[in-house]
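Enquirer: Quick one: the structure is below, questions incoming.
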Amino acid sequence: MPDLVVPAGETLYDAETHADALFIVRRGVVKLVNYLPDGSYRIVRLARRTDVLALETLLGEPCDHTAEALTEVEVCRVPISVVRTVMERQAWLSTRMIHHWHLAVQKAHGWLTHYATGGARQRMARLLADLHDECASAESPRPAVELPSRDDVGAILGITKETASRLISDFRRSGLVNKVDARRVEVDRMRLEEIAGSDG
């Protein structure tokens with residue numbers, strides 16, 4: 001099945017709807033979002049390469065979250081009807097789907113520790129380091145990282161967009177982040193890791 005390239009900001013599927021396909025992330029980052037009654041939102045997880053999205057649809061349940069491209073993403077869209085047919089014929093696929101579901105639960109729990117503990121500066125460093133790692137490769141060990149909007153950074157880290165903006169400005173002044181163009185930056189991965197693991 002051909003992969004789909006989805007621009008940053010586009011929606012793959014909405015919460016409370018029944019998706020007609022599973023989405024396998026090949027490249028980029030997808031944000032899973034909860035929209036609140038007051039119009040605000042919280043990003044509850046970031047999905048990356050090899051993650052499978054909309055697994056709940058296999059149970060006939062509506063999607064738990066809205067899935068939107070945080071960066072430009074490449075996904076493989078597999079119709080649910082195809083997945084069900086293969087699962088009926090290939091028992092191993094059912095086990096594989098359970099494995100992906102378990103992995104998603106583990107990642108959701110890990111998210112709470114990774115982005116919800118420590119000071120705001122630590123959490124920002126973790127996020128930027130993770131985005132760097134997502135883009136890095138042997139051919140491009142120091143890639144240009146696509147920066148999420150300040151609103152999205154705030155929704156990921158549980159801080160205001162003003163705090164997110166101030167921290168990114170501080171990181172730029174410190175040489176931790178260097179602007180490449182309007183949306184992309186290069187980061188000092190080693191120094192970010194030191195901040196992410198510090199006590200303050």
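Placement of Cβ uses the backbone N, Cα and C atoms for every residue, glycine included.
Reproduced below are the annotations present in TrEMBL:
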DOMAIN    1-87  domain 'Cyclic nucleotide-binding'
DOMAIN    118-191  domain 'HTH crp-type'
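Could you place these features in context, so I can see how deep they sit and what lies close by?
Expert: Helix, strand and coil residue tallies for the domain 'HTH crp-type' (118-191), in that order: 40 helix, 9 strand, 25 coil [DSSP].
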Enquirer: If you average the pLDDT over the domain 'Cyclic nucleotide-binding' (1-87), what number do you get?
Expert: 90
